[in-house]
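Feature annotation from Swiss-Prot assigns Cu cation A1 binding site to His161, Cys196, Cys200, Met207; the stated evidence is similarity to another entry. Sequence annotations record features per position, and here Swiss-Prot assigns Cu cation A2 binding site to Cys196, Glu198, Cys200, His204 based on similarity to another entry. Summarising the annotation, Swiss-Prot assigns Mg(2+) binding site to Glu198 and lists similarity to another entry as the type of evidence. If you look up Swiss-Prot, you'll see 1-14, 88-228 marked as topological domain 'Mitochondrial intermembrane'. What Swiss-Prot lists as topological domain 'Mitochondrial matrix' is 46-59, and the listing cites similarity to another entry. Per Swiss-Prot, the feature transmembrane segment maps to 15-45, 60-87; the stated evidence is similarity to another entry.
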Amino acid sequence: MAYPLQLGLQDASSPIMEELTNFHDHTLMIVFLISSLVLYLISLMLTTKLIHTSTMDAQEVETIWTILPAIILILIALPSLRILYMMDEINNPVLTVKTMGHQWYWSYEYTDYEDLCFDSYMTPTNELKPGELRLLEVDNRVVLPMELPIRMLISSEDVLHSWAVPSLGLKTDAIPGRLNQATVTSNRPGVFYGQCSEICGSNHSFMPIVLEMIPLKLFENWSVSMTQ
């Protein structure tokens, strides 16, 4: 959940987001070390009075600054490829939800159930209840079981959209005529907020996403009540 004046990432609520947070810290540490080294070398160059007027080349130095960046790139690429594979791989999902983007709302269809589909519009400010969040609440939340792999099929009916929930590490483009997929898994129950993350027109800022993750038993009761 985001909060005012937040400078860091949202708390990770899924295995993928935990991996992304660790990768962010790993990459940031490498960038910090490189920046410190470069600043140190620049300060030496500005303060030293020693010069080499007779040096034409330095094969050893050139070898080092060719091999060292290659090693650094490998250290960044290997965990990145691992996370990309984790985000793309979906093994035996217990549920499939089809998400369609529209100007300017989302529609959801639970493909494993008959007639379980609905549209999700932003709740206007004058209809908000005490404690609800402005520009983030919707009239129909997406209810899903926690701690289980769920496949989201994402597309669009009109223009480009992007279905994003930061605390779950989700951001998938909704492209007309193309079906993208993403894995949704939550480590704990809760309500998770997101928004359309692709500029899609004048009301782009009014396309919130709300996921409510609950235990499986409660989800079964909810699905029965929605299909009756």
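Cβ coordinates are placed from backbone N, Cα and C, and glycine is handled just like the others.
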Students should find that the Cα atoms of Glu198 (Cu cation A2 binding site) and His161 (Cu cation A1 binding site) sit apart, in Å rounded to an integer, by 5
Can you work out the mean pLDDT of the predicted model over the topological domain 'Mitochondrial matrix' (46-59)? 76
For His204 (Cu cation A2 binding site), which of the three DSSP-derived states applies: helix, strand, or coil? helix
Where does His161 (Cu cation A1 binding site) sit in DSSP terms: helix, strand, or coil? strand
Glu198 (Cu cation A2 binding site) has how many other Cβ neighbours within 10 Å of its own Cβ? 18
Near Cys196 (Cu cation A1 binding site), which residues of its own chain have a C-beta under 8 A away, given they sit six or more steps off in sequence? Gly101, Trp104, His161, Ser162, Trp163, Ala164, His204, Met207, Ile209
Taking DSSP states H, G and I as helix and E and B as strand, how many residues of the topological domain 'Mitochondrial intermembrane' (1-14) are helix, strand and coil? 0 helix, 0 strand, 14 coil
